[in-house]
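Let me begin by presenting the structure, written as structure tokens, before commenting on it.
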Amino acid sequence: MSERAERLSGLQNGAVGSIAGMIEVMLQQPTVAMKNAVQQGRPIHWNVAALYRGVGVSLASIVPVSAIQFAANGRLLRGLTSPGQKPSDQVRVLCGTLSGVASAPLSASAELVMTLQQNNGKSFGATVKEVGQQHGAARLLRGFTATAVRDAVWCAGYLALGPVFTQKMHDLSPATFGHVDTATTSQKASASVVGCLAAGLVTVVATQPVDTIKTVMQGEAMTLPSGRAPSTLATAGRIYREGGLNGAVGSLAGMIEMTIQQPWVAVKNAVQQGRPIPRSVTALYRGLGVSLTSIAPVSAIRFAINGRLLRVVSGTDSAPSDQVKVLCSTLSGATAAAITGPAELVMTLQQNIGKSLGATVKEVVQTHGVTRLLRGYPATAVRDAVWCAGYLALGPLFTREVHRLRPQTFGEFETATTSQKASASVVGCLAAGLFVVPITQPVDTIKTVMQGEAMKLPSGPGPGILTTAKRMHREGGLPRFYRGIVARGSRLVGAVFILGQARMRLEEIFEEHDLLKAREAL
């Protein structure tokens, strides 16, 4: 919460929260519908009516929910802070957390009705009536515990961590963002974008598992018998046994890999476009924000879809064949390209022009429209399909072959020591990376060139992937497509290893510590 918000009355804070909440709901209701469908394993309905089904109860609840959150947060801040003093970071986070819990009874009931509306297609009134008649009013609170936990962390994120991280941007990099008291409007805006993105990353990763549990519990509210139903922990245990934590593991592994290897991306993009290679640390890491912001949902989508496809295609009783693994990995990569493409376009333009994330997106949209963010999408989809087949399928396959071909060095697959498994993983992942890099390098170069010229081309449909490829061939022949292969190869080979190792270690941690694993409720 900003300093201005701290000076407002509870009524004023409530009004601000209500209006902001209604705007956010109207803009993002379709993403809520898609999220709920994916979390429950239901098909996504792509018509506007279905995507906006339940928006009425969302709007009706967001006013009091946001009002409660903002008003409670403001009241708590004033109550826990001495007059004339600024609240500490710890107080901000505590107040944000408590304000989320305070609104959970209302938001839980509203989201249950919305989820059921999206599932059964009925009106708000008919859905509430059906729940009340068949299971009683108490059933409307199913998923309350999970909602309270999610909202507590979520409110701590957007009411506290965002401003806290923004303050840290000013403190850590005054040369870029200025000092908090003297920064220009553009510097404050840039610091706010970076701070809020950082807070969003923390919040998304922290709340995604409990939000999934909540949605599953609420989606089955009408299918469970009346009376005591499976608890939050019991539902979490069932979800874990059904599919593990592929999405969470994928997000964390992807963010680790991206942070380590972002400089390789900057070097590759510069070489592919024929631009000077950046030398400073700031320039090499320019665009990391959008990369990290996108890598969480992208990796989560890839790992989750890959895991889901493997279970659907091969079942749970038998190990999937090598062909099935490659197929599922390929499809998961192509699916996530819709996010990867725009994110990499923004990153490439940031590296070219040196502007912030917000300024770059604003300039693209204002000059050429939202669709320009999708420039290079077909090339991205092809590249990501092959790339995912590499790090999700070929890496583990080659690792298994290393055990089979050289058991005297790497041990048998089932009985190898930890060091032997690590060595085999390095060799297998390197082989997969070397196989994937030359195959995908031409299409990656085409993608980078298409995205790098996104601001130079006139508005409207620009040259397509084939036209761009022909132009590049005329400019430099086949070698033109392999510019930047050393930087990209170094990055991708490392990525296959880092992602593979991170995924393996994270899965071991989740399993060894029984994270989200629970016994069924009695």
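For all residues, glycine too, the Cβ spot is worked out from N, Cα and C.
According to TrEMBL, the protein carries these features:
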type	residues	note
REPEAT	187-312	repeat 'Solcar'
REPEAT	324-401	repeat 'Solcar'
REPEAT	420-509	repeat 'Solcar'
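With helix defined as DSSP H, G or I and strand as E or B, the repeat 'Solcar' (324-401) counts 72 helix, 0 strand, 6 coil. The predicted model assigns the repeat 'Solcar' (420-509) a mean pLDDT of 83. According to DSSP, the repeat 'Solcar' (187-312) comprises 102 helix, 0 strand, 24 coil.
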